[in-house]
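J.: OK, Swiss-Prot features for this one:
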BINDING   69, 75, 78, 166  [4Fe-4S] cluster binding site
BINDING   226, 253, 274, 334  S-adenosyl-L-methionine binding site
ACT_SITE  361  active site, nucleophile
């Protein structure tokens, strides 16, 4: 097996550091940190790069620590526990901003990027919002082994690894893992969510319910909901600190209405677009339970309560509807990891919407879509990075775009 001594450079999105081999080829080394000298073995060759494995650390980064989790190197969940928490913040911010810089620099012929996005101070202007580094994750999908044990997906494998503890899980889920309870059906999967006290699964609860920023939000245990509740609340509070809502609001990829729910007191009209009919039904219920309780202040405005419209369709088909011709002063867009649908992005760029709040779980697709928005005349006024997923390379981005 080929071995070489290399010095790592920067960390790239995915949490591997890059280094150069003797022949000039780039090698990606997982579990390494920047500026370490390593003896590595080459484990996989590609046309333009290689993958390496650490055999020995010859010069150790001052930021390297022992992983807290005993399953770290086999579990497919975390990949940054080798760095201290503060340095992780720096690494995640660096990786996210590099993805943005790289995507925008591909459009060098468009001077708009130099003016709006590639200024030297952009790194300092981007706001990093942190929360708990451990005991934060409230949602898991576990595999049930043949003996009834809870397992998580094994790293780079179709297999699974039995989990006796998970230090990033909220205490209620950690206690469940430590109890070694084996009451679940072998050779199956189970979705588990905790509000910090209760454990919700598809077996013991039809609905999950949490309270965020004073609102009650219900969703299905099998459906999507954010896994870091404290950071979700910080995200919501930040959005509505900057939102200037006076008329019509569009909630794109709305899910259960998490963001538009908080626009109720200011908007005259709210449109939710979501392809998942089950999630949209929960959105309707969330507006109902909050408007009929103290969750939403129902002081009658001059123009009455806002009208709420639910559109069960995907982003690709939104532009074909008559409602897409309406003028919205605010759009919330929270797409899946693949980013905004091409057709939806085209509509958004030409919509004339005054302010767009783009929430993204992937800095790469956020950067790609940002390029299109900037070309169409929007300015990236604020850029936030919310540390939703400590101990991993993942991060949540909020971009606030405005057009005069």
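For all residues, glycine too, the Cβ spot is worked out from N, Cα and C.
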J.: With the cut-off set at 10 Å between Cβ atoms, which of these binding-site residues ends up with the most neighbours? Options: 274, 334.
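T.: Compared across 274, 334, the most Cβ atoms within 10 Å surround 274.
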J.: I want to check the contact list for residue 69 ([4Fe-4S] cluster binding site): same chain, sequence separation of six or more, C-beta distance under 8 angstroms. What comes out?
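T.: Expected: 75, 78, 81, 165, 166, 167, 168, 391.
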J.: Do you know offhand how many angstrom separate residue 274 (S-adenosyl-L-methionine binding site) and residue 361 (active site, nucleophile) by C-alpha?
T.: 17
J.: For residue 361 (active site, nucleophile), which residues of its chain lie six or more apart in sequence with Cβ-Cβ distance below 8 Å?
T.: 336, 337, 388, 394, 396, 397
J.: Report the same-chain neighbours of residue 226 (S-adenosyl-L-methionine binding site): residues 6+ apart in sequence with Cβ closer than 8 Å to its Cβ, ordered by sequence.
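T.: Counting only residues 6 or more apart in sequence, the Cβ neighbours of residue 226 (S-adenosyl-L-methionine binding site) under 8 Å are 139, 232, 258, 388.
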J.: Whose Cβ lies within 8 Å of the mean position of the Cβ atoms of 226, 253, 274, 334, the S-adenosyl-L-methionine site, other than those residues?
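T.: Everything else in range on the chain: 224, 251, 254, 255, 258, 259, 335, 359.
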J.: Taking the centroid of the Cβ atoms of 69, 75, 78, 166 as the [4Fe-4S] cluster site, which other residues of that chain lie with their Cβ within 8 Å of it, listed in sequence order?
T.: 71, 72, 77, 81, 152, 163, 167, 168, 391
J.: Taking DSSP three-state, what's residue 78 ([4Fe-4S] cluster binding site) in: helix, strand or coil?
T.: coil
